[in-house]
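**Student:** Below is one structure. I have some questions about it.
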Amino acid sequence: MTSDDKVKVVVRVRPQNRIKESSYNIVTEVVDEYNQVKIPIDKIYTFDKVFDFTSEQYQLFEFCALPLINSAFNGYNATILAYGQTGAGKTFTMGTSYDPEKHTDDEILGVIPRSINYFFDTIKTRIEEAGNEGLTPPVFEVSTSFMELYNEEVYDLLSADKASTADGKLRIVEDEKEGITVKGLVKKVVKDASDTFRMLDAGTVKRSVAATEMNAESSRSHAIFTLYITQTSESIAAVTEDEDTKPEKVMKTLTAKFHFVDLAGSERLKRTKAEGNTAKEGISINSGLMYLGNVISALGSNAPFIPYRDSKLTRLLQDSLGGNSKTLMIACISPNDADLLETTSTLNYADRAKKIKNKVTVNEGGDKKLRELQAENARLRAELSRFKNGEITCNEAENVRRNDLEHENEMLLQENRQLLGKLKASEGVTSLLNEKNSRLMKELYDLKKRKENGEECLDGMEDDNIDIFKSAQDAETKMLELSEIVSQLRKENQRLRAARGIYSETESVPQIDDDAQTKAVLAMLKQQIAEKEQIINSSRGGSVAKDCEMSSSCSDMKYMDNDDGNTTAEDEDIEEYDYNEHNMTKSQEDKEEAVENMKEEYQEMLTDIDVKRLLIEQLERKQLDQQRIKDVYEQKIQLFQENIRKLEENLRNEKLKIDSKKGSFSADEIKKYQLRLQEKEKEIREEKSSLKKYERELKKVHQEKERIANQLEKVQRNVEALKRERVLLSQKIKEEAAERKKERMDNQKKLATYEKEKRKKDIEMKNLQREMEKKEAVLRRKQEEATALKQKNILFERKQKEARMQKIASDKILATKIAHRKGRLSAAFSPINVDMSWSKLQKILTKEIETSTVSEQLTERINTLLEERSKLMLKIEDAQRSIDKAPTKLARDLAKKDIVQLRQKYTYLSDLIVDNQNQIYEMENVQMANISELDNCKDGEVSNLKELAILSINKCNNIDEAKYLLQKLVEFCITTGVAEKKASKEIKEQQILLNETHIIYGDDYEKTEDNENPTLFSCSSDSNGSNAKLLSRDSSLKKSRRRTAISKDLLESMSSLGNNDGNVNNFLTISDDEEDQQYKLTLQDTCQPTNACIYSMDIKHGKALLGLRDLTALVVDIESKKEIRRLKYHQNTVLSAKIHPMYTNFYATTSNENIYIWDYRTDKIIACLVSNGTKDELKIHKRAREKDMTTNLNAAYSVDFDPTGNFLLSSDGEAIRVWDINTLRCFSVLRSSIAIGNTAKDHVVSIESHLLEDDPNIIRVYSGSMEGKMYAYDFNKHTGISNNKYWEFQPHHTDAVAGLVYTPQGIYTASRDNSICCYSPVDFIRNSVRVGVHESYLRKMHLYRENNMSALLTLDKGGVIKTWNISDNKKIMDGYVKKSGDNTVSCLSSYKNLVVGGTTNGFLEYYTINL
């Protein structure tokens, strides 16, 4: 029985944190009498129960969980849902993180631990009560599951490998009996509370948790802990007042699911200060909660469509919200004024949930037929009891009896009709036998009379007649027996057909003979087999069609293009990523559904095979019966033939006797004998005709037997074919599963690639934006010129805008005409209606932007006020302590006056905070009013303008209207973005002008500003000395902030503050005009050996090997600055160039995937090595630039020689390969576990090596990758054995490694994330780090050595060179900045006491460095 049950809502106010939240005010007020919550925005909420912050855990459990647990034991599903902002106490209330070993205090136990204990205590109590009542003790089976929803993927917290929907091991499905379930979820059977606590603790350990500014242990996922209860108990079916009748005991099975849902808290990124993955998690959490709010709003407003499928969270909670479950929501809120907005949002959320009604039913298990019989039995017993009690009158009893008698009479009449038919058949046979018997008796009487008259010659004939009579009588008896056997067989056949269910209950079974029945059975078998073959073929075709459809959809989404030409590549990648993810998820669901259908068909086919096997057995039995009948017929025919033969022989003998005695008989006697003989002959002919008739019948039986045998053989062949199809179908199911798994893995790889590319492009975009902003600031003119230019730009833009609007209008009219001409626009598309829809949508978006902007500003103001209030609270505490330490009464009085003033300021700030929050709430009310003005939607259908905009887009009538609105949205976004960009530029211009004004007017302007703009809290004229001191300190701070990076004394004060890691402006403390500055670079000379860009460079033996972008490598004498040799015909840019440290004529260069070995003396190539460890044919010919590499090969990013000079080290996308320079063959391969597992490639771009001091036979190699990771490897220089042993640097960089340098004291690395690090060469742990070292990303790193001193040089993309002091061996200290001049430096090297830089325009610059 189904009944309505409203969702109950309980509110719990958590207590304040005495340490962190002591400066916050409590703004929530609880009215226990009416279960109400008041907030300072003049609004009151009423709920089922409200618990203030003084409430205890057991009170919450008794009100919330206890009734639901009792309902679960009665067969109802139940759910407890905890919702609220982050840090509101949801996990504490639910007790999800309960650990029996750590939490020994029973008072702090949450809902889940208390519920578990109560569950098993109740089970024990019910078993004891059943034994006391004399009933069979109930059997309970309890199992549990624990899952989390993290970033829109479901993870099984109890599985060993943490299975998830991402890897396809879990799938959300809807079952008719169980409702929404997760297929593949592990369910652990638990016997007692301790087992359940272990499961809870095992899942909690795996749950995703991170620290944020608002919560040190913030849950980053939604968790659902579920208990499954199955109870089989004995109960009394009905109770009667008859003392003689014992109550009947029946077994009843009840099942229930109890969900404990701990939702992750809603959060604002600006308050939590989350970054990176934590920020993405917060966005995913807010998105899921938004979809949950949409579902709650739709259920509360009785909307016709409930968007359960918008999110996996709403899909999992479908039964709990609007389904078969008793649900209770616990809304956790904070009492602080700082969290008033979140508190209001939570209360609105909970208020909408009160309107939801669920359809709850008892989950009864067991046999359905048994339950029906038990119900019928109970009904009859109740009727009997009513009859005995006199509640049913005699007339009603007579009616019941009459109905029973009529039913019995009908059955007797049917049986009577059957018996009458048999009787008529028996009477017909009896009459025939009587007639024949009379005829034969008459003949016998005549023969006896003749014998008495002395006619002895007829003795033989009389004997023959007696034999014939006996034979005929036996034949008739056998025929009656056969007919009886046939009728019995027919009855048995009909009974078997009815028992097998061949015919349905509504079909009538006609009375047909055996042949007709056999034909019907065979026809039915043929039809069923044909239908099954057709289903199998169609399922195969459907599977192939689905494969084709999926492949086509994948290819379509692979080549999707964006309609807007102005869209950036990043937006296209994001859209393609979202579209691919959506389509891949949809195709996976379709394919999984196809596999499920195939499995169902497979089971149906097995059932059909069993049925047909039974039918074959029945046909075989029938064939045996027909064989027995045939044998009986053949025996009877043989007997008839033998009797006829004897009769004919006797007839011949009689004729011979008569012929021999013709003379002794008279003519009359002879005539009589002849007539008698003729009669005998006639009888014989009749017997022969009967015999022929039996032979024909026998022939028919034989033919029918052969036909049935043939049909039986065909059925058997069809069954064998079905078995073969079953095997093929099972193989097909396995192949489908394997293919789906492979596709899932490919999709995961694609998604990971998309995310990586997106991160890289985001970093590049940020760098470009920073460069652009600096260039704009440098190129800005004076104020007068800027004003004039601005006016001209305004006029020009106005004209341009008018021209653009005219062009858009004309293009729109032209596109509409062309589309109508080509038939692309549907009949329902109307430009006028669409323009009206766009106008309304534009108004909605404009109002939403304005509202969101003001709301964001108010929120920032509230956060600023909260920070100021926290600082003020610290001052109050300091003043309180100063009262205790004051030496005199006057000092104490002054301190008390200070506290009074500070508290007044504190109250004022609190009022400002509440006032701003009220403004935000009023804006939300205005927003709701705007919703009612802009669109006539139902109450509760939308809650903000954003949802209204989405609803307006969803109301599009056709695809053309949607495309038009999308085009308008793109234009609106571009226009809004351009306007925002211009506004930000104007703000920056005004800021620059303000800074120039500060420089020009100096302190006079600041004094004027100080006089015109006093502080927020002015002091009275009778302020004491401490207040004056406080204000003077604030003024000095304000002054220092205004003169940042401008005043000389501020620079000195910054340098006195000490080293600030990661601050680029620290370099500004060093003047460029100090001649004897340490680590200063001084340009000594330049030369230009080439016009091409120098990409790589190495200097040894007085020669510089330059790798150029023009597909050549150039050898230059470093002292004479002249070109010596040019190594030509590379495939692409020369990525790396190295000179052998010992052999002066041995050079190595790389381009694309090839490594070229050169002999300097003849400029001939010695060998061409490939990055994958093989050798290739020598390719020395002129060719065009080859931008694309050979398939399945990676670029050789870097080469270097080891310290011994016996090996060449090369890097690619998979490993570091060690080449023996004597044989030019791959000697060893060094790779990390990432490359071994082949899950992602670590593209090695930097190599460094050295000999170990402990073991000179071991060479240690260091590498840096494009993923920002660094590794260390060892290999034996004699055997080449590495055993894949490696060490990973910790922590690694967040972007590609640009350079790596080894020193015995430390290993220095530079990365494109604009950081340089120093790692320990012993344990590879980072010792120090400098972040933000360059304005542009780093390109190169070089170690300069002179005597026993060294310096670190870094080079960025803009050509800026910085030197770093590494004399501390661990800490990287500041050095000198050499900005880029006319030539942009692209690579660095050193020779003797010179630093040599190669530039992008082919120059070599020679520097000296002052150490």
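Using N, Cα and C of the backbone, Cβ positions are placed for all residues, glycine too.
Taken from TrEMBL, the feature domain 'Kinesin motor' applies to 6-356. Residues or ranges marked as ATP binding site in TrEMBL: GLY84, GLN85, THR86, GLY87, ALA88, GLY89, LYS90, THR91. Sequence annotations record features per position, and here TrEMBL assigns coiled coil to 363-422, 472-499, 584-799, 855-882. Per TrEMBL, region 'Disordered' is recorded for 1012-1036. Marked as compositional bias 'Polar residues' by TrEMBL: 1013-1027. Here TrEMBL flags 1127-1168 as repeat 'WD'.
I'm curious about the neighbourhood of these features; can you describe it?
**Tutor:** Cβ neighbours within 10 Å of THR86 (ATP binding site), excluding its own Cβ and spanning all shown chains: 25.
Listed as Cβ neighbours of the coiled coil (855-882) (distance under 8 Å, sequence separation of 6 or more from its ends, same chain) are residues 22-24, 268, 270-271, 338, 341, 891, 895, 898-899, 902-903, 905-906, 909-910, 912-913, 916-917, 919-920, 923.
In the repeat 'WD' (1127-1168), helix, strand and coil residues by DSSP number 0 helix, 22 strand, 20 coil.
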**Student:** Which number gives the other C-beta atoms within 10 angstroms of the C-beta of GLY84 (ATP binding site), all protein chains shown included?
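**Tutor:** GLY84 (ATP binding site) is surrounded by 28 other Cβ atoms within 10 Å.
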**Student:** If you average pLDDT over the coiled coil (855-882), what do you get?
**Tutor:** 82
**Student:** Identify which of the binding-site residues GLY87, GLY89 has its Cβ surrounded by the largest number of other Cβ atoms within 10 Å, counting every protein chain shown.
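**Tutor:** By the 10 Å Cβ neighbour count, GLY87 comes out on top.
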**Student:** So, three-state DSSP: helix, strand or coil for THR86 (ATP binding site)?
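**Tutor:** DSSP call for THR86 (ATP binding site): coil, neither helix nor strand.
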**Student:** List the same-chain residues at least 6 positions away in sequence whose Cβ sits under 8 Å from the Cβ of THR91 (ATP binding site), in sequence order, or say none.
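**Tutor:** In sequence order, the residues whose Cβ lies under 8 Å from that of THR91 (ATP binding site) (at least 6 apart) are ALA82, SER97, GLY110, GLU217, SER219, ASP262.
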**Student:** Including all protein chains displayed, how many Cβ atoms other than that of GLN85 (ATP binding site) lie within 10 Å of its Cβ?
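**Tutor:** Taking all protein chains shown, GLN85 (ATP binding site) has 23 Cβ neighbours within 10 Å.
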**Student:** Can you tell me how many other Cβ atoms are located within 10 Å of the Cβ belonging to ALA88 (ATP binding site)?
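**Tutor:** For ALA88 (ATP binding site), the count of other Cβ atoms within 10 Å is 26.
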**Student:** Check each residue in the chain of LYS90 (ATP binding site) that is at least six apart in sequence and keep those whose C-beta is under 8 Å from its C-beta; list them in sequence order.
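**Tutor:** The answer is ALA82, TYR83, GLY84, SER219, ASP262, LEU263, GLY265, ILE330, CYS332.
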